[in-house]
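Below is one structure, written out as structure tokens, with a few remarks after it.
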Amino acid sequence: MNKLSTKLVVAIGIGAALYGILGLWGFSIAPNTFIKPALAILTIFGALFGPVAGLLIGLIGHTVTDTIAGWGIWWGWVFSSGIIGFAMGLIQKRVGFSVKNGTYNKGDISYLAITGLIGIVIAIIFAGAFDIIVMGEPFDKIVIQVLGATIADVIVFLVLGLPITIGLAKSNKKHTHLKIEK
């Protein structure tokens, strides 16, 4: 098993803190369901540091949000944040892709978009099923939450997470071809 580097542990800590604190703010769209801009953190940190970082940032960060908010820890949704973070981080495993170095192509962006969207759908369905089966939540309520959360997360991913990640890669690309003049 690979050891986590100090840099990766620090990134996970910072990402989890940002995701956890920013997760306290959102716009209500359904019962106990919000558009939370914090989801963009999972996209950015996942693309920068990979699936393990995305997974841990989602798990730890969501636990922080639920703990601070005081409504109890909803483990299905905590795990769903981890799943989303993991899916967002899969892009980092593609050969030639690097936000840090500004190296990417259209295929990489498509891959991030597809894995991100699939990850969101799988994660939210998991959270809903967990709430019904384990937490005993009413089916009708969960259907509304799952639909609302899926729409909200897709919007945040497409409007904030994906464009910010592409923007970071583009800004780093500009600096990769600088030459020192003598």
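Cβ from N, Cα, C; glycine included.
Owing to the predicted nature of the structure, the values given are computational and were not obtained by experimental measurement.
Annotated in Swiss-Prot:
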type: TRANSMEM; residues: 9-29; note: transmembrane segment
type: TRANSMEM; residues: 40-60; note: transmembrane segment
type: TRANSMEM; residues: 71-91; note: transmembrane segment
type: TRANSMEM; residues: 114-134; note: transmembrane segment
type: TRANSMEM; residues: 142-162; note: transmembrane segment
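Note on the transmembrane segment (40-60): residues 4, 8, 11-12, 15-16, 18-20, 22, 78-93, 99-100, 112, 116, 156-157, 160-162, 164-165, 168-169 of its chain, located 6 or more positions outside it, place their CB under 8 angstroms from a CB of the stretch. Counting same-chain residues at least six beyond the ends of the transmembrane segment (114-134), those with a Cβ under 8 angstroms from any Cβ of the stretch are 43, 74-77, 79-84, 86-88, 90-91, 142-143, 145-146, 149-150, 153-154, 157, 161-162.
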